[in-house]
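Encoded as C-alpha cells, the structure appears first; notes follow it.
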Amino acid sequence: MTLEVVSDAAGRMRVKVDWVRCDSRRAVAVEEAVAKQNGVRVVHAYPRTGSVVVWYSPRRADRAAVLAAIKGAAHVAAELIPARAPHSAEIRNTDVLRMVIGGVALALLGVRRYVFARPPLLGTTGRTVATGVTIFTGYPFLRGALRSLRSGKAGTDALVSAATVASLILRENVVALTVLWLLNIGEYLQDLTLRRTRRAISELLRGNQDTAWVRLTDPSAGSDAATEIQVPIDTVQIGDEVVVHEHVAIPVDGEVVDGEAIVNQSAITGENLPVSVVVGTRVHAGSVVVRGRVVVRAHAVGNQTTIGRIISRVEEAQLDRAPIQTVGENFSRRFVPTSFIVSAIALLITGDVRRAMTMLLIACPCAVGLSTPTAISAAIGNGARRGILIKGGSHLEQAGRVDAIVFDKTGTLTVGRPVVTNIVAMHKDWEPEQVLAYAASSEIHSRHPLAEAVIRSTEERRISIPPHEECEVLVGLGMRTWADGRTLLLGSPSLLRAEKVRVSKKASEWVDKLRRQAETPLLLAVDGTLVGLISLRDEVRPEAAQVLTKLRANGIRRIVMLTGDHPEIAQVVADELGIDEWRAEVMPEDKLAAVRELQDDGYVVGMVGDGINDAPALAAADIGIAMGLAGTDVAVETADVALANDDLHRLLDVGDLGERAVDVIRQNYGMSIAVNAAGLLIGAGGALSPVLAAILHNASSVAVVANSSRLIRYRLDR
C-alpha cells in the first residue's frame, strides 16, 4: 500500500492514505499505531479526506518508523481496534477559524467606529469585506439552509440564513456579522460540551492503558523459566499469558493461571465491592487488581472482551431513537414554518425588518432538537458504568413506564447455581456413582444451570463421565442420549411418563418429598427402565424479596413468576418471595403467551430471564432484560437491556435511570420551549435586538446540553 507524503516541515507531516478514506475504524488504527512511535506528539487521521497529519519532534522521531506504522495499521485485525471515533472528529479547525476571523473583524469594526469616530455605515470597500466575512462565518448555516430547501423541509438553518440575508440587504453588516459570530460560538460550545460528555462516558468505561506485560516461556530452558516483556496492548493475542500487577487494569478476558489477587470489577458489573480471584477464576478486561498479582491466559482481546462489547453496544445504542425524540423533531419541523409566518406578520404590521430578524433568530428550535439525544447519550453511558447495558433510547424510555414484570425463576429470582443434594439408585444393578456419571454424560453439552450442577458434582467426586454418541434436547423436559449402545432419558417425571417409562411407587414418593422441599428431581431411565434419581436445589437470591417489595413500591402493579419446575416447587419459592401470581411447568411458548396476555390487558411489560428458553418472551416484552452477561448469548442478544452482573438491585436502577432520563428530557423541552415562547413575545414587542436574540438562543442550547450532562454521573456513587 503506497503512501504519499504531501508535506513535511517544521515537525508537521501530512500523508495521503487512500485506504483511510471513509473508514473511521482504520483511521483509529492509524492513530493508535502512530501515537506509539517515539517523538510523536499528536496524530489525527481524517476519514473524510483520506489524510493523516502527524505533529512530531524532528530530533526524536524517526520519519521512516512513522510511515511504517501507518502502513502497518492497514493490517491490524478489526477486533483489536479500539471502539472510539478518530481524534480528528473532535477537531474542527474551520469552526475555530470562523470564530477567530469573525471576532477579529468585529474588533476592527469596533476600533473604526469608536477609536477613529467613523460613521456606522460602511463604505463600499468596508461593506464588501464585511459581507465576505459574514458569508464565510455563516457558511455552515447557508449550506444547511440550501440542503433543507432542496429536501423540501425548512430547518433551523433556514431561519438563521433568512435573517442573515435580510441584514445584508439592509446593509446591516455589523449586525449580521455579530449574530453569526455569536451563533458560531454557541455551536462550538455545544460541540465542546457534547464531546466532553462522550469523553466522560469513554473514560468511565475504558482505561487509558496502552501496554501490557506478557509472560513468555522458553521450552528449551524448562517449564519454570519465563520472561516478562512489555508489549503494545493491541498486539496481545488469544492464548497469551498476561501478567497483571497491583493497581493495573486487566487488559483481556480470560482465566487466572497463576497467582491470586483482590480485584475491583466495578467497570464491568457496577459492583464496588472487590472480589478475590485465584487460579481457575475467570476475569474480565477493565477489572483492576487492587492487591496481589495474577497471570491471566487471554480468552478474548480487544473489542471481543466484555468491556469491548459494552463500549460497542453503547456507541450503537446512542443511534437508537426514543419515541420522545420524535416528539421533539416533529415540534422542530412544524415550528420552523410557523416562525417564518410569525416573522412575516410582524414585518407586515410593524414594518420593522430588525424586529422580524430578531423573531427569526429567537424562534430557532435548536435547543428542542438537542433535548433528547443529549440526555439519552448521557443516560446510556451512566447505565454502562453501573453494569447496565441499555441497547437504545427507546428501551430507556420504556424502562421508566413498566408496570408489570414477568420473571423466569431459575437464574433470576434464584441464584442459578443449583447443587446436587441426593443421588438415589432405583435399580439393583446400578450404584449412585453410575447414576450420576450417566446423568452427566447426558448433560455434558448443556448450559442449563441444572446440567452444570450435575457436571460439577461429578468433578467434585472425581467420577469419570462416559462419552456419548449422540444427544437430543427435549426442550422443557430433559435430554435423550445414546451412549454405550444404550438409550438414556434424563429429565422430569413427565418426560418418563411421555416415553412410557414406568415410574415406581418409591420413585414417586421421593419426587413428592423433594418437591415439598423445593428441590428439583431428575429421573434417569436406561433402555426404558428407571435406574436412578438425582435431586438439586437452587437457593433463592438473598436480595430477591427486598427488590420485589421495592418494585411494588415503585409502581409495578403485577409481578408474575414463570418456571418449568413442578407446581409444588414453584409454590414454595413463590411463598418465600411473597409472589401471588405464578405459573409452573411452562414451555418457552407459554412464557411468550404470559407476556402477551399482560400486554393485552394494557400493561407495559418487562421480562427478566437468562436462558435460551426465555428468548421469545424477552423479544416480545416491551422491555426484555437479560440477567448477567454470563447468561446465554441468545438471551443477551435478544434482550433490550443486559445486566453485567446478577444483582437484582440493578433492576431498580434500570427503572430509576429510565424515569430520570425522561424527567431530564421533559425539563429540556420545557426550558427550550419556554425560552422560544418568551423570546417571541419580547421580540414582537420590540424589546429584543438581533444580537440579544442570538445570545439567548445560544444560552438555551448550552443549558440543555449541560442539564443532560448531569445524567452521566447520576447516582453513580450510591
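Using the three backbone atoms N, Cα and C, a Cβ is placed for every residue, glycine included.
Cross-referencing Asp210, Asp601, Asp610, Asp622 against the Mg(2+) binding annotation in Swiss-Prot, which names Asp408, Thr410, picks out Asp610. Swiss-Prot tags one of the stretches 52-76, 277-301, 327-351 as transmembrane segment, and that stretch is 327-351.
When Cβ atoms from all protein chains are considered, those within 10 Å of Asp610 (Mg(2+) binding site) total 26, not counting its own. Taken residue by residue with DSSP, Asp408 (active site, 4-aspartylphosphate intermediate) is part of a strand. Among residues of the same chain six or more beyond the transmembrane segment (128-146), those with a C-beta under 8 A of the stretch's C-beta atoms are 95, 98-99, 101-102, 105, 109, 122, 154-158, 160-162, 164, 167-168, 173-174, 176-177, 180-181, 183-184, 187. For Thr410 (Mg(2+) binding site), the count of additional Cβ atoms within 10 Å of its Cβ stands at 25 [all protein chains shown]. Neighbour density for Asp408 (active site, 4-aspartylphosphate intermediate): within 10 A of its CB lie 26 other CB atoms from the protein chains shown. Looking at Asp610 (Mg(2+) binding site) and Asp408 (active site, 4-aspartylphosphate intermediate), their Cα atoms lie 8 Å from each other.
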